[in-house]
Each structure stands twice: as structure tokens, then as C-alpha cells.
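The next block holds one structure in the form of C-alpha cells; read it before the comments.
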């Protein structure tokens, strides 16, 4: 019990250090470079104290989640705390936001974490069913990844002329071309799922020493990148392999400490080119999602919420006020009217504002928790390193887009199939 308590205390101290390091980097580099975009230093003593109180109180709830029995939620909560929640509290301390925005964030995050900590998993497939249909589920796994291969090759040959892109930096033309291509809906969803899950599949084949299949999927990942121009699929593959080889649950709590040391060391680098590159990554990964939250709050306090009429309920004939475009483009063009078609892709509390207005901070946590617990049930019995990798890619998806889009366009439907297929013997982990 003393060791368990010591681990919690050390994790809490590492998280405090991580917040201090992130805050230092924000003031020293993000503000001077990106103040034109609203990332400023307008701190007041009261806002600063409130932001720290919010961080400390919620960090304790997140830590409770990290030491809980639900391993999927445990890992997702850890990733969300580092990538999303900590930067949010920094912005709350340094930018003068409306009080209603601050309060709705308090309510949303408190309800979300408390509900996830206390709600049990929701089974959609029983262990008996998995055991009974063992062979069928194994075949289903290979059918899904076979669909990935066929769809990626078909789209590459049919729509891009089998174009292979060799640069990680010049990708925006590819993205605009990909947006203009009118793929059949089924292929669009399968392509999106392959983008999310091919890194996981290649790790699985490497783990099973099926090196030829791993090589095939390395090629598929390269072709996938050449189609969609998403650098994340390349980075996710590298990160996934590293996680699978070196992941130990015990070391997880040291990640905030190592991240803090890295942030402090990188802040002393004098090379302007390196500093601009690192600052851009920090700004884009940590601060833009929380900055867009306020854009969604502002937009949907001026215009009516969508109530999912542009996504789920459009299938039932409901008309959305944003049917001529999409919610993310409507928000993006409102704040950047000079850029036609710009998307403000964001999730979590942005989804709450977009679909329910300010009241969404009470409603969306319940929807999110049900969604999380279904995935958690499917992930039961899966190897811990896979769960952590899945938590990373799922957290990135849920931060970046709405729940219906994560299920279809981000490929969570295929993730559920793969997770259930993994559990062909519920008594064994992978």
C-alpha cells in the first residue's frame, strides 16, 4: 500500500513539474510567435490561481483513473491529461476568457472524469459469444485488414494514378486533392479506418513474427500516406513500434518527468530554425485544440447549435443550418474568412458547444462515457502495450473530431472489430 501511495505522489509531482515546464515554454516561445492568433500573456492573479486550482483538483481525479481497473480509460485519461487538459488550464490562466466559458469547462471536465471513473464497462459482446465464434472472429480480423489493402490499392490506382509521395513536408496539395476526390462512401470510411489502424496492424504482425505481412503493411502505410497526406500515419507507426518494444506500465508515470526535462532543455536551444519548428509542433499539438474550443463557444453563442443534424440525424431527413457546408468549415470560415474551406476540426467540449450549446457541458459527458465504456469492454484482455497505443491514437481522434466522425471517418468501427477479434480466447492476453 505504501508503494502504491508513493507512486501516486510521485506522479502528482511529475504532473505539477510538467505543467510548470509547459507554462514556461508557452510564455517564452508560444506567446511571442503566436500572439497574432490570440495566444497571449494577459495573466491576472485571480485567473492564474483559478487555473492552478482547476489543474490540481482535476489532476487528482485523473490520477485516480490512472490507477483504476479500467485499463483503457486509465491510459486514455493519462494521454488526455498531458495533451489536452494541461494546455487548457494554461490558456485559462493567461487569456481573458468569458466566465461562462471557464465555468462550462469546469463542469464538462469534472463530470466527464468522475463519470468515467465510476461507470462500469458496457459489454456489447459476451465472452461466451467470443469463445463460441472463435474461428469466425479470427477470419473477421483478416477480412478487415484485407479490406484495408484492397481499398488503399484501389483508391491509389483509380484516383491518384498510383502516385507515391516522397516528402513529409510538402503534403498540403495532397490533402486538397484528396478532399476534392469523390470516393464512394464505403471506400472513404475504409480508407479512414486504415489510416488509423494500419500502424496497429503492422505492430501486431511484427509481434507475431509475421515479417512478410508486416512488410506488406509498411508498403500499404506508405501508399496510404501518399493518398491522404497525413504525416500522423507515419509518426504513429514509428511510435507504435517503440511502444510495443519498450512499453512498461511501471514507467508510464515518468513520462511527465521526461517531457518536462525535454521542454526545459529545448527552451535553451538558440538555433532559430529549430526553435521555430519545435514551437510550431507545441502550438499545433497542445494549444490549437484548446484555442479552437473558445472559437466553438463563441460561434455557437451567436448561432444555433446543430444537434447532430449535420451528421447522425441527417440520415433521418433532418435539415441542418450547416447542411450547405459542415460544422467545422462553418466555424473555420467564420474565424478565417480569407481561407475558403478551412476546417476547424475539434472534439470534446467543442462537440458539446456545437451540438447542444452551453448546456452541452452537462449532456456530452454522458455520451462520451458510454462511448468510452463500450470500447473499454472490447479492449478487455488485450495486451497492455496495445491498449496504450490504442489509447494514444483514440485520444488523438477524440480531441480532433466529433464522436460520429471518430466512429465512421476515424475508423473506430474497425477498431472495435479488431479488438473483439483479438480476444478469440478471453482467458488469454495477446
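Backbone N, Cα and C define each Cβ position, glycine as well.
Long-range contacts of the transmembrane segment (45-63) within the same chain: residues 8, 11-12, 15-16, 19, 77-78, 80-81, 85-86, 89-90, 92-94, 96, 102, 105-106, 109-110, 113-114, 117, each at least 6 residues beyond the stretch ends and with a Cβ under 8 Å from a Cβ of the stretch. Residues or ranges marked as transmembrane segment by TrEMBL: 45-63 (among others).
Per TrEMBL, the feature transmembrane segment maps to 75-95 (among others). For the transmembrane segment (75-95), same-chain residues at least 6 beyond its ends with a Cβ under 8 Å from one of its own Cβ atoms are 15, 18-19, 22-23, 26-27, 31, 38-43, 47-48, 50-52, 54-55, 58-59, 62, 65-66, 102, 105, 109, 113, 116, 252, 255-256, 259, 285-287, 289-291, 293-294, 348, 372, 387-388, 390-392, 394-396, 399.
The feature transmembrane segment is assigned by TrEMBL to 101-119 (among others).
Positions annotated as transmembrane segment by TrEMBL: 140-157 (among others).
Residues of the same chain lying 6 or more positions beyond the ends of the transmembrane segment (186-205) and with a Cβ under 8 Å from any Cβ of it are 145, 147-148, 151-152, 154-155, 211, 213-214, 217-218, 220-221, 224, 227-228, 230, 233, 236-237, 239-241, 243-244, 386, 389-390, 393, 397, 408-415, 418, 430. As annotated by TrEMBL, transmembrane segment applies to 186-205 (among others).
Feature annotation from TrEMBL assigns transmembrane segment to 212-245 (among others).
Positions annotated as transmembrane segment by TrEMBL: 251-269 (among others).
Among the features that TrEMBL reports, transmembrane segment is placed at 352-374 (among others).
Nonlocal intrachain contacts for the transmembrane segment (386-419), taken as residues 6+ away from its ends with a CB within less than 8 angstroms of a stretch CB, comprise 71-72, 75-76, 78-80, 83-84, 124, 140-141, 144, 188-190, 192-197, 199-201, 203-204, 232, 236, 239-240, 243-244, 247, 249, 252, 289, 308, 311-312, 327-328, 345-348, 351, 354-355, 367-368, 371, 374-375, 378-379, 430. Annotation source TrEMBL lists transmembrane segment at 386-419 (among others).
Residues 163, 183, 187, 190-191, 193-194, 197-198, 201, 216-217, 220, 223-224, 226-227, 414, 417-418, 421-422 of the same chain lie 6 or more positions beyond the ends of the transmembrane segment (140-157) yet place their CB under 8 Å from a CB of it.
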